[in-house]
Amino acid sequence: MPKTLAEKVYDAHVVRSAAGEPDLLYIDLHLVHEVTSPQAFDGLRAAGRRVRRPDLTMATEDHNVPTLDILKPIADPVSRAQVEALRRNTAEFGIRLAPMGDRDQGIVHVIGPQLGLTQPGTTIVCGDSHTSTHGAFGALAFGIGTSEVEHVLATQTLPQYRPKQMAVTVNGELPEGVSAKDVILAVIARIGTNGAAGHVIEYRGSAIEALSMEARMTICNMSIEAGARAGLIAPDETTFDFLQGRPHAPQGADWDAAVEYWQTLRTDEDAVFDTEVVLEAAELTPFVTWGTNPGQGLPIAGSVPDPATMADEDERRSAEQALAYMGLTPGTPLREIEVDTVFLGSCTNGRIEDLRIAAELLRGKHIDPHTRMLVVPGSVGVKLQAEAEGLDQVFTEAGAEWRGAGCSMCLGMNPDQLQPGERSASTSNRNFQGRQGKGGRTHLVSPSVAAATALTGRLTAPADLADAPVPAAV
Amino acid sequence: MDAFTTHTGTAAPLRRSAVDTDQIIPAEYLKRITRTGFEDGLFVAWRRNEPDFVLNQPQYADASILVAGPDFGTGSSREHACWALLDGGFRVVISSRFADIFKNNSTKSGLLTVVLPQAEVEALWAAVEAVPTTQVTVDLQEKQVTYGGHSVPFEIDGYTRWRLLEGLDDVGLTERHLADIEAFEARRPAWLPKALPALPA
């Protein structure tokens, strides 16, 4: 029977299948961070259980990590206690930890690929919804809750129901200045924040195949924002080139055996998807959100929508609540929205390519004097690479703040937060109410829109900069 | 996990759609390392900033069934959202559609998520807004929601229902299949990635 890529990976991991019960799925890699794991370790201790496969488990500190003074103890006692709990738990159960200050530390979804632990055809879970990021390598990767974290720690398996299959096909070639972030924001605006519930999304088509691994990770990362637990892309030469030579990638004869298998990981010609969505790349433009969920977005040339014109009652109520929170008036051109803060970073857009794109736009210029820009690399590895390329200099000379690695202002569990009423253009993944700080207002954007916005102080596409003079660096 | 068979209580009408888990409990409350005591974070922004918010209204203060708009529980995988609802006195959430991870987490923590058609959600909203003291019974054994002489059936997969009725721990169930897990592990190719030992970049 013809199968999709996701079905092939799923089927290859079924430990046990019985009528009327969920399948038991084997997990190849379990990533752990400090926020969703302490209660799971407590559960193991209470039941006298051990971690079945510490060698398939990797932990890091990311959510609570300050991005300044990273070699000092964390000032917030509650954050510090949570990080210390992870250190105790990983030591007790024999799990590898990349702590603050370690060269492998970073956002869990950035370090997995960076270390070569994220590989095609594997199953990957983490107590974090953006685990879908790893699907960029053709892995079946999804977020789980703390009870499931405990289950995987104890058994290296998870009870699962076979997901439905969705194809999102992007045909053609992306126009200049349109990035992976714009593609996924357009997809979410099309199908809605829970439109892919119950599905795994496979992204395919020539526009997807042309993307770098970093860009593919951006797309798969936000699958959860469309309601899909997982999103994936068939591995190809781009994937293999990215992986080859990384610390945990196979080597020698093992590499050849792995590549031979990875090349089979493609959806069969006549496989059937339950749902199909098609986008034409040529029609896409830089996209920004105006509301309080990632589906409330529009091309940057648009205006704040008028809820009164929305036929669907649920959509209208939701838009009214969003605009009240965001302090926006219907009809306002999106390009006229002024921001206080620009955040470049997160598991969505905190990789080296994202920093390069933004730095190129900022080189030799200075950001708007009323705007603050935070640049937070996704990992220590990304930070060191950026510094080797001199990107840190470009950012600081442009007036941006160059910080340590972590989740940072994506969700403000560390001191990097918006103040009440403050507005951001953010390369992160969620514009939920209060996500970046109590009362904070978030517009989701791509790295190039973030950089252009920092230069002008209002939502701006890179192409707009030609008409809008910006101050030169001093 | 506590078993769930049937529950009777009053219901709070939450007329909002796509309620994300950041609203159910914001990230700052996730720094705790306990599994209980999250009630202070439950819908805290709405409770603080909106005097008319449904849970600020005294007639719904003791509600144990939350009736929400579609797409409840989107966003983060934080199981703390389920714990906060349980700690806040809720045993059941009713919606026409739930986000996958939230729904999954609810079945692991003993919070019952009931899917009803949107028209039935609207009818229930109208009933509990007209008479906030309306007693609503959610019967997992019979798979039906009953209030004011009105009964609505709901679907739930048989395995999850059985686990909830018995209050069974998933890990214990899986450990019965240890031989299958060992057999699977014996078949895994040797080149698959391992996090240990740590290898230098």
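Glycine too: its Cβ is placed from the backbone N, Cα and C atoms.
Taken verbatim from TrEMBL:
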- A:Cys347, A:Cys407, A:Cys410: [4Fe-4S] cluster binding site (BINDING)
- A:424-434: compositional bias 'Polar residues' (COMPBIAS)
- A:418-444: region 'Disordered' (REGION)
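Figure note: comparing Cβ neighbours within 10 Å for the binding-site residues A:Cys347, A:Cys407, A:Cys410, the maximum is reached by A:Cys407. In sequence order, A:Asp62, A:His63, A:Ile107, A:His130, A:Gly345, A:Ser346, A:Thr348, A:Gly350, A:Gly378, A:Gly406, A:Ser408, A:Leu411, A:Ser428, A:Asn429 are the same-chain residues whose CB sits within 8 A of the CB centroid of A:Cys347, A:Cys407, A:Cys410, the residues recorded for [4Fe-4S] cluster being left out.
The secondary structure of A:Cys347 ([4Fe-4S] cluster binding site), as reduced to three states from DSSP, is helical. Each residue of the compositional bias 'Polar residues' (A:424-434) gets a DSSP state, and the totals for helix, strand and coil are 0 helix, 3 strand, 8 coil. According to DSSP, A:Cys407 ([4Fe-4S] cluster binding site) is assigned to coil rather than to any helix or strand.
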